[in-house]
């Protein structure tokens, strides 16, 4: 993998990330294909209509079903899903966190109960890489120890703050330990001829504790990861705490490597964190919101189910050139949604993902032109009316 920063504008960066399967302009948004498909779309949609260069697949879900060995028999994710561009696979740590009622973390890894059949499994720093070697993704994420955050940590009582601090410190200690195990194992596997075209990213934990983030970032930057991710945000904390944490940790992340903010987020979150130096994003929001009838536009969000769109002949966004907006009206989409027609999911998902990918293109162009601040002002000015 090769990463090069081509242009900076303040802390915002425009660059290019090259894997064995695609050349990716950054900052980039990665659509989420949890079980090997972006919901309601196929590889042709992703490649030919949206021109997506990289998508995310989930190690936890692919491990449980159909199993990474099955995927390997098809030639990895690229052969199985027929998407011949890049894949990033997360480690499954977030899914274990989200299912924490059935999960137990210890010094060796994460023990969890399958949401499918109740069977018991144990993820370790090595086992999640073994799964990802079989998936043959371009970018693999290490196992990390995630902490649930309160919306406002400053509002906690003294005892609650002490408990949270203790848990965050444990998370950082474990994450650093697991990172060392992962990078050593990856070097060993590559020396044996495995994963030669696969890259490995470390994940920085530490909650909203700046000192903990600094410790974790500095430790992981000393390891030869191909990229570094900021994990453990957008898990309950208010947006301002997310932005402050990203801003605080950035000086301690190697500028020569791509920076990935995991699970984020809204268009506003993306703009704010690009300004702080983030290169890569992923989130289920564009497709999840699409299925629920919330569509993104340059001017805000549309709840397409609303009655005022029944006779609306306009496209979702008059400024949008996506597949859906060039063909269909708000009135038609309103009808499809109300009729529970499955076609709606595809058309709405194509639109929302186009919106996100086009937003990234506009951001890259603004950074390259040295006009990111102007772009940000216009972005917020157009959206000041809120939901349409």
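Any Cβ shown, glycine's included, is placed from N, Cα and C.
Neighbour list (residue 90 (active site, proton acceptor), Cβ cut-off 8 Å, at least 6 residues apart, same chain): 56, 58, 59, 60, 141, 262. Residues or ranges marked as active site, proton acceptor by Swiss-Prot on the basis of sequence analysis: 90.
What Swiss-Prot lists as active site, nucleophile is 282. According to its DSSP assignment, residue 282 (active site, nucleophile) is in a strand.
Around the Cβ of residue 144 (substrate binding site), a 10 Å sphere holds 32 further Cβ atoms from the protein chains shown. The annotation substrate binding site is assigned in Swiss-Prot to 90, 91, 92, 93, 94, 144, 205, 232 on the grounds of sequence analysis.
The Zn(2+) binding site annotation in Swiss-Prot covers 320, 322, 325, 351. In sequence order, 297, 298, 351, 354, 355, 358 are the residues near residue 320 (Zn(2+) binding site), counting only same-chain partners six or more apart with C-beta under 8 A.
For the region 'RNA binding' (263-269), the number of residues in each DSSP class (helix H, G, I; strand E, B; coil) is 3 helix, 0 strand, 4 coil. What Swiss-Prot records for 263-269 (among others) is region 'RNA binding'.
The region 'RNA binding' annotation in Swiss-Prot covers 287-291 (among others) and rests on sequence analysis. Across the residues of the region 'RNA binding' (287-291), the predicted structure has a mean pLDDT of 98.
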Using DSSP, what's the helix, strand and coil tally for the region 'RNA binding' (287-291)?
5 helix, 0 strand, 0 coil
How big is the Cα-to-Cα gap, in Å, between residue 232 (substrate binding site) and residue 325 (Zn(2+) binding site)?
36
Do any of 93, 94, 144 (binding-site residues) have a CA within 10 A of residue 322 (Zn(2+) binding site), and if so which?
none
Distance check, please: Cα of residue 144 (substrate binding site) against Cα of residue 282 (active site, nucleophile), rounded to an integer number of angstrom.
17
Residues near residue 92 (substrate binding site) in space but at least six apart in sequence (CB under 8 A):
58, 59, 60, 63, 110, 123, 128, 131, 143
Measure from the CA atom of residue 205 (substrate binding site) to the CA atom of residue 325 (Zn(2+) binding site) and give the result in Å, rounded to a whole number.
40
